[in-house]
Amino acid sequence: MVEMLPTVVALVLAVSVVAKDNTTCDGPCGLRFRQNPQAGIRIVGGQTSSPGAWPWMVSLQIFTSHNSRRYHACGGSLLNSHWVLTAAHCFDNKKKVYDWRLVFGAHEIEYGRNKPVKEPQQERYVQKIVIHEKYNAVTEGNDIALLKVTPPVTCGDFVGPGCLPHFKSGPPRIPHTCYVTGWGYIKDNAPRPSPVLMEARVDLIDLDLCNSTQWYNGRVTSTNVCAGYPEGKIDTCQGDSGGPLMCRDSVDSPFVIVGITSWGVGCARAKRPGVYTATWDYLDWIASKIGPTALHLIQPATPHPPTTQQPVISFHPPSIHPPWYFQHLSPRPPHLRPPRPLLHQPSSVHTSSAPVIPLLSLLTPVQPVSFTLAAYHTRHHTTLSFARRLQHLIEALKMRTYPIKYPSRYSGPVNYQHRFSTFEPLSNKPSEPLLHS
């Protein structure tokens with residue numbers, strides 16, 4: 001027993017050193033410490049996550065000074081011990097740092113809580129709110145923000161940094177199946193956000209399809225990512241704003257935050273998928289705020305060189321996952337035609353958590369933008385029949401004469417539907433599980 005004592009002491013010291021190093025949040029990013037064993041089985045339905053499954057997930061909570069209560073409003077992603085990534089629209093109405101509290105390492109949250117959090121949760125103040133200089137609250141352009149945290153967050157078993165794309169990765173590859181998480185509402189007009197962190201799988205959707213006339217009719221820009229399902233099924237919702245859209249290469253690779261939950265029309269409606277701010281387009285901006293070294297620490301290894309195989313244009317996950325989730329895309333071959341939009345299938349499904357910051361009203365129809373993934377800026381031309389061109393002209397005139405009006409997600413004058421959740425007096429209605437199909 002005495003002979004084993006030096007070995008035991010050495011192990012204790014080693015564990016102590018590892019734990020100390022881990023508290024700086026400079027370790028590996030995008031790693032799930034505790035995974036739900038069913039996560040690989042259920043492909044379309046949302047489910048409750050396991051504690052510690054998404055250690056970079058942050059709850060942004062509005063703080064009311066008169067009674068010290070906190071109300072979940074948005075989600076965010078921990079980048080390191082000092083910075084959180086989120087959506088700019090979360091601060092349209094609450095721009096002061098003292099209006100906010102940040103909760104890390106949470107699995108369950110209490111809406112309207114006025115007591116200190118319990119371990120392993122950590123509550124922090126916001127030292128600085130950095131909103132993109134060109135953020136447009138009307139068009140939803142540049143919907144990205146950073147929060148400086150004080151005091152620094154301590155990383156551990158339930159708190160860890162998320163990854164951002166590598167500069168050389170390029171835009172997210174389509175098709176690809178990814179994850180969304182949040183404490184958002186489980187359906188439109190739900191009484192309050194979900195008390196438990198939920199997770200769900202969603203498909204990345206081609207921007208041509210997402211911007212077609214029966215979908216978002218050109219509202220989506222080149223710095224957005226669409227994710228969800230054509231028929232609805234599952235989606236983020238109020239209370240999920242600012243939270244991450246995450247993809248990974250394989251079960252052994254880290255998750256990479258490819259999008260920030262921004263806006264959508266309703267929740268889980270057919271042909272109205274969630275719209276996310278693409279993080280890859282803002283890596284330079286993020287580096288200018290948190291520092292290039294800090295950004296490098298949360299970027300995975302440089303991706304493998306792309307294959308010579310032509311990209312597949314599809315809207316359903318392939319039977320075999322691609323070798324990596326990012327790749328440089330070659331120009332679209334002229335013989336490929338973009339897929340036609342699917343027939344309308346009304347469907348109602350729940351949504352994801354986050355206070356409401358609606359900004360999505362189509363006051364004046366905009367021409368659909370060209371496909372926006374990196375090298376896909378030039379769309380090929382196809383010859384249309386006279387009848388087809390006439391039909392397009394009639395549709396365009398109808399849109400100008402009768403612009404589409406969508407119900408707002410926010411109780412203010414703006415018509416866009418943010419995924420931000422406004423807090424209201426607590427309801428006696430029991431909460432329901434989030435994100436089920």
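Glycine is treated like the rest: Cβ placed from N, Cα and C.
What Swiss-Prot records for His89 (among others) is active site, charge relay system, and it gives similarity to another entry as the kind of evidence. Every protein chain shown contributes to the tally, and the Cβ of His89 (active site, charge relay system) ends up with 33 other Cβ atoms within 10 Å.
Annotation source Swiss-Prot lists active site, charge relay system at Asp143 (among others). Summarising the environment of Asp143 (active site, charge relay system), the number of other Cβ atoms within 10 Å of its Cβ, over all protein chains shown, is 30. When secondary structure is read from DSSP and collapsed to three states, Asp143 (active site, charge relay system) falls in the coil class.
Cβ neighbour count for Ser241 (active site, charge relay system): 36 (other Cβ atoms within 10 Å of its Cβ, all protein chains included). Here Swiss-Prot flags Ser241 (among others) as active site, charge relay system.
Swiss-Prot lists Cys74-Cys90 (among others) with the feature disulfide bond, giving sequence analysis as the kind of evidence. For the recorded site, Cys74 (disulfide bond), the DSSP three-state label reads strand.
Per Swiss-Prot, disulfide bond is recorded for Cys178-Cys247 (among others). Annotation note: Cys178 (disulfide bond) sits in a strand segment as assigned by DSSP.
Per Swiss-Prot, the feature disulfide bond maps to Cys210-Cys226 (among others); the stated evidence is sequence analysis. Taking a C-beta cut-off of under 8 angstroms and a sequence separation of 6 or more, Cys210 (disulfide bond) has the following same-chain neighbours: Tyr216, Val220, Cys226, Pro273, Val275.
Annotation source Swiss-Prot lists disulfide bond at Cys237-Cys267 (among others), citing sequence analysis.
Note on the domain 'Peptidase S1' (43-291): mean pLDDT across this stretch is 92. According to Swiss-Prot, the feature domain 'Peptidase S1' maps to 43-291, an assignment based on sequence analysis.
Summarising the annotation, Swiss-Prot assigns N-linked glycosylation site to Asn22 (among others).
The N-linked glycosylation site feature in Swiss-Prot is assigned to Asn211 (among others). Every protein chain shown contributes to the tally, and the Cβ of Asn211 (N-linked glycosylation site) ends up with 25 other Cβ atoms within 10 Å.
Residues annotated as signal peptide in Swiss-Prot: 1-19.
DSSP gives Cys267 (disulfide bond) a coil state; it is part of no helix or strand.
Most Cβ neighbours within 10 Å, among the disulfide-bonded residues Cys74, Cys90: Cys74 holds that distinction in the structure as shown. Highest local Cβ density among the disulfide-bonded residues Cys178, Cys267 belongs to Cys267, counted as other Cβ atoms within 10 Å over all protein chains shown. DSSP assigns Cys226 (disulfide bond) to a strand in the three-state reduction.
If you take the Cα of Asn211 (N-linked glycosylation site) and the Cα of His89 (active site, charge relay system), they are about 22 angstrom apart, rounded to a whole number. Of all Cβ atoms in the shown protein chains, 25 besides its own fall within 10 Å of the Cβ of Cys247 (disulfide bond).
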